[in-house]
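The next block holds one structure in the form of structure tokens; read it before the comments.
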Amino acid sequence: MRRTHYCGELNAKNIGEKVYLSGWVHRIRHHGGLIFIDLRDRSGIVQLVFDPSISKESYDIADTVGNEWVISVEGKVRKRPEGMENPKIPTGEIEIEVEKIKIENTAKPLPFNLWTNKEIDEIVRLKYRYLDLRRDKMQSNIIFRHNFILSIRNFLAKNGFIEIETPYLIVSTPEGARDFIIPSRLQPGKFYALPQSPQLFKQILMVAGFDRYFQIARCFRDEDLRADRQPEFTQLDMEMSFIEVEDVFTIIEELFKTVLKEVMNIEINTPFPRLSYEDAMNTYGSDKPDLRYDLKIVDVTNILKDLPLEFIRSTIEKDGVIKGIVLKNIVPSRREWSIIENKVRELKGKGIMWFTYADGELKSSISKYLDENIKDKLIKNLNLKSGDSFFCIAGTWKDVVKILGILRLEVAELFNMEKKEGLFFLWITDFPLFEYDEEERRIVAEHHPFTSPKDEDIPLLDTNPLKVKAKCYDLVLNGTELGSGSIRIHKKEIQEKVFNILGITPEDAKKKFGFLLEAFEYGAPPHGGIALGIDRIIAILTNSNSLREVIAFPKTQSGTCLLTGAPSEVDPKQLEEVHIKVVYPEEKKEED
């Protein structure tokens, strides 16, 4: 039998037609001397009817099949009897009167119920991924992903972008996360790395004159995993020549506007709002704020700085700050204040000062230190109304905004605050070019070493590099960073200066990035771009809790594939061919 239709595409217009269908047995029912089978393929479900008066042979075969068996059938489309229609499915008006059936394959009893509404153990789901992927939600996610990427490709092609593949086997440049490395058989002792991003190659493509590049790129990072990380992931990688930051914003905003309308029929407003890095940290305590909550951080340093409290005096002497969050129409209980207090201490804060305002009176955990003048200033500056509360903490700017950024979301959850519905995009701009890493005790790149400093800050590279702002930007959606981009350095002397500040010696720079530096000497145009995480975008748009829900074959949090058993040991001969000897850590030796 040769399939003529997909199951889910049949409807009343097909009544009277002979069809050939193939798929999986979704459900079996015996009723009134007939057998009903719901046949499923990726397009949906259609009802088959086996009537012994029409084909006794087909009826007898149908009586032997089980759930998830694979069958093919030949039959005629007919209207369902009146009152037996199913408006919940697209094929609910019709059914197939089966004349012939062929069993293509049987199925063992399933290790889990594919169609339960209960949560299924994820370990079992990942081990039997081929079964898990049959489930409606998983099929829907993967097909949505395909449609989303297809729409991206079409949009970019129409806007003059060329899709170009860059190498997977590259030179290792371990400046960010760890590289996955691959030994070379032909050159003993040398290694390739899998790309963490196509960054250098896309810049080279701009030097080569391709002007507008994109790629749906596979990237690899050997790092500790969380729910929002995978060792291999997919990003939309883009680069453009002769552009400024505004050009990147415009094309990305238009891309999302077009793709979301085409794939989801969602209208979004553009341009997206923008916040500088400093404003985002001061207002939300995060460089990826979730704008679905209205909670904002407020500064009360000037109001409380003169209080006769040792920890405040110490904070002010060290140029610290006092910041907090107003809780509108909320008066926390003692237990709730304790929860907030404990969270602050868990985050290495010094505790909280709390205030509640009711019936014209401001009460506080530090009431005895507050005179009427300070109380009035707090009420006025914080716009407190009866039934409002406020808490604040003191410390260094960096510590305070970080703690409050986390607390902002914890408090919203604690008090079940209303979260606005919709997609809230936001550009974060004006990042510092460098930051000081306390653990490594050195200056490191805030994003990566190829980001251009702002033109007006270039002189600061020689005098005060930590004050230099970058032509850099992040795109945030509902509190998740979708990706980063920047205008790149395109002049050799500035790139060398940045390398020097980062402690990359001329010898190391030549060894790792010599091809890029040399390319800059052959007419490199101004250029910039962005990389957006496809997996994260799809997870948000499908309301998925984990990236594993939107990737066909993901890894676990320990980086393993439960389906195939990767990573695995290899044949000693394979190791010998690439001149590798495995030296196990002590704990592995003890296990053996």
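Cβ coordinates are placed from backbone N, Cα and C, and glycine is handled just like the others.
In the three-state DSSP scheme, His31 (site 'Important for tRNA non-discrimination') is classed as strand. With a 10 A radius on its CB, His31 (site 'Important for tRNA non-discrimination') counts 8 other CB atoms from all the protein chains. Here Swiss-Prot flags His31 (among others) as site 'Important for tRNA non-discrimination', drawing on sequence analysis.
Gly83 (site 'Important for tRNA non-discrimination') is surrounded by 5 other CB atoms, counting those within 10 A of its CB over all protein chains shown. The site 'Important for tRNA non-discrimination' annotation in Swiss-Prot covers Gly83 (among others).
Taken from Swiss-Prot, the feature L-aspartate binding site covers Glu175, Arg221, His447, Arg488, and the record attributes it to sequence analysis.
For the region 'Aspartate' (199-202), same-chain residues at least 6 beyond its ends with a Cβ under 8 Å from one of its own Cβ atoms are 166-167, 170, 173, 213, 215, 237-239, 448, 450, 513, 515-516, 529. What Swiss-Prot lists as region 'Aspartate' is 199-202, and the listing cites sequence analysis.
According to its DSSP assignment, Arg221 (L-aspartate binding site) is coil. Within 10 Å of the Cβ of Arg221 (L-aspartate binding site) there are 20 other Cβ atoms, across all protein chains. The ATP binding site feature in Swiss-Prot is assigned to Arg221, Asp222, Glu223, Gln230, Glu481, Gly533, Ile534, Asp535, Arg536; the stated evidence is sequence analysis.
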With an 8 Å cut-off on Cβ-Cβ distance and a minimum sequence separation of at least 6, pull the same-chain contacts of Arg536 (ATP binding site), or say none.
Asp228, Thr480, Glu481, Leu482, Leu547
Treating G and I as helix alongside H, and B as strand alongside E, what does DSSP give for the region 'Aspartate' (199-202) in helix, strand and coil?
4 helix, 0 strand, 0 coil
Count the other Cβ atoms sitting within 10 Å of the Cβ of Glu481 (ATP binding site), across every protein chain shown.
17
I'd like to confirm something. Which of the recorded positions, His31, Gly83, His447, Arg488, has a Cα closest to the Cα of Glu223 (ATP binding site)?
His447
Rounded Cα-Cα span from Ile534 (ATP binding site) to Arg488 (L-aspartate binding site), Å:
22
Say you check the Cα of Ile534 (ATP binding site) against those of the recorded positions His31, Gly83, His447; which is nearest?
His447
For ATP: widest Cα to Cα gap among Arg221, Asp222, Glu223, Gln230, Glu481, Gly533, Ile534, Asp535, Arg536 in Å:
20
Using a Cβ-Cβ cut-off under 8 angstroms and a sequence gap of six or more, which residues of the chain neighbour His447 (L-aspartate binding site)?
Phe431, Ala470, Cys472, Ser484, Ser486
